[in-house]
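S.K.: Following this message is one structure expressed as structure tokens.
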């Protein structure tokens with residue numbers, strides 16, 4: 001049998017079976033094994049690339065077929081009891097519905113990547129860096145004070161006046177539950193039977209707009225300013241304000257066209273979502289309304305606890321970043337005379353804390369916070385972001401960094417702009433979306449910091465627009481990914497540096513009885529002269 005087995009072996013194996021005196025040629029075996037490993041390593045990326053390509057084509061084809069199937073019979077989605085003329089108007093009154101967002105069951109990208117030990121090691125490195133920050137703070141405080149200082153004065157300050165924040169949020173949320181839903185129900189129930197449909201629609205539309213501007217717009221802003229809420233508390237109020245405004249708009253925008261297509265003689269057939277569906281949407285981690293979403297069968301409470309623990313850990317991480325990297329630098333630099341060298345050093349010294357804060361905001365909010373609420377609500381579509389870190393263009397970065405907000409801007413700002421003005425104005429539509437997004441970002445920062453310093457607005461509308469059109473999707477390759485990361489690092493350094501200088505300038509150089517112009521004029525430009 002041994003002879004027969006030897007005959008069946010390939011020539012390549014028999015060639016090094018025996019060497020002198022019948023001993024195995026170990027060097028030859030090792031060399032052959034290394035060659036096989038090298039060949040396998042060369043084939044692995046090609047194989048994975050082919051698998052990824054075919055899988056992507058398969059998924060895209062599946063999604064396209066699903067969208068085509070959903071849009072193939074629009075008549076079956078709405079009762080055909082209105083007159084043909086009204087139905088024709090209804091179809092032309094909104095953007096094509098077949099191109100709406102399709103929700104499907106899928107995991108978040110980081111949850112999949114953390115199953116790979118190499119990626120999980122990067123996560124462990126960030127935890128190790130947090131431990132180093134904690135040890136550094138404790139040791140420095142022990143040397144300076146002679147004892148361990150375990151107070152978190154900064155966190156207590158920035159999250160102060162929490163009862164006011166909770167009451168404000170409760171009023172905002174309750175008003176958003178009651179007013180938009182009831183306005184829509186009252187309008188929808190009498191629309192088809194009304195003889196003055198345009199007047200009725202304008203009346204209820206004005207009431208809804210008034211609620212958006214006064215109830216959700218001016219009210220929370222007035223509370224944040226009049227009660228002098230600290231920065232983090234203001235962020236909670238203002239970000240909830242923006243979220244509820246976008247949610248209410250999506251609810252009305254998605255349901256009004258369906259009522260316009262409902263029956264004329266049978267008002268009861270008008271599609272009116274249940275209050276429970278609207279309430280679920282207000283908590284769901286999406287800004288696009290649907291009557292139903294894909295749901296998971298169970299809730300993993302251990303997963304929820306882990307995500308909230310990671311959010312809490314990220315808050316402490318940000319605390320130590322500001323305590324060790326930001327406050328010592330800007331507390332001293334704000335008292336120095338302004339010069340170009342100091343500004344350049346400030347920007348480059350701010351890159352590291354700026355990038356770490358960027359990562360923490362992404363991880364804590366877009367991954368942990370949204371996944372925790374999605375798990376509690378059994379919300380199955382977890383694509384809150386895509387692989388933005390692989391972007392080779394700013395156009396792709398804007399689409400993948402925050403998919404939740406991008407979907408809202410795309411369907412309700414960009415597409416509606418094209419529907420209203422025509423598809424020839426794509427550049428104008430894109431520019432308008434950039435302007436709206438930059439204005440909202442700057443509004444949030446201005447209210448939360450207590451001063452107007454349009455650094456982010458200028459970066460967004462100037463460099464952001466230029467990079468979006470120059471570093472577009474035609475730019476491929478690692479070089480462009482390096483360019484994207486380099487500009488992103490510099491932008492974070494500029495933001496952290498200039499906003500921190502302005503914050504401390506307003507602490508060191510306060511004005512008595514400030515006017516409205518004092519809130520608009522940068523204080524950091526003149527504070528050094530006064531000091």
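If you go along the chain as it appears here, the first residue is 1 and each next one adds 1.
Cβ atoms are placed via backbone N, Cα and C, with glycine included.
From TrEMBL, here are the annotated features:
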- 1-21: region 'Disordered' (REGION)
- 1-14: compositional bias 'Basic and acidic residues' (COMPBIAS)
- 122-143: transmembrane segment (TRANSMEM)
- 155-181: transmembrane segment (TRANSMEM)
- 202-225: transmembrane segment (TRANSMEM)
- 301-322: transmembrane segment (TRANSMEM)
- 342-370: transmembrane segment (TRANSMEM)
- 425-445: transmembrane segment (TRANSMEM)
- 441: active site (ACT_SITE)
- 451-470: transmembrane segment (TRANSMEM)
- 482-501: transmembrane segment (TRANSMEM)
S.K.: What parts of the chain pack near the transmembrane segment (155-181), using Cβ distances under 8 Å and only residues at least 6 beyond its ends?
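M.R.: Tertiary neighbours of the transmembrane segment (155-181) are 208, 211, 215-216, 219-220, 223-224, 227, 229-233, 236-237, 240-241, 244, 247-248, 251-252, 275, 278-279, 282, 315-316, 319.
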S.K.: Restricting to the same chain and to sequence separations of six or more, state which residues have a Cβ under 8 Å from that of the residue listed as 'active site'.
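M.R.: In sequence order, 456, 457, 460 meet the Cβ cut-off.
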S.K.: Looking only at residues six or more beyond either end of the transmembrane segment (482-501), which have a C-beta under 8 A from one in the stretch?
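M.R.: For the transmembrane segment (482-501), the nonlocal Cβ contacts are 326, 330, 333-334, 343, 346-351, 353-355, 357-358, 391-394, 397, 445, 449, 453, 455-456, 459, 463, 467, 471, 524.
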S.K.: Let me spell it out: take the transmembrane segment (301-322), skip the flanking residues so only those 6+ beyond its ends count, and list any with a Cβ under 8 Å from a Cβ in it.
M.R.: 126, 130, 133-134, 137, 152, 154-155, 353, 356-357, 360, 363-365, 367-369, 371-372, 375-376
S.K.: Looking only at residues six or more beyond either end of the transmembrane segment (122-143), which have a C-beta under 8 A from one in the stretch?
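M.R.: For the transmembrane segment (122-143), the sequence-distant neighbours (Cβ-Cβ under 8 Å, at least 6 residues beyond its ends) are 114, 149, 313, 316-317, 320-321, 323-324, 359.
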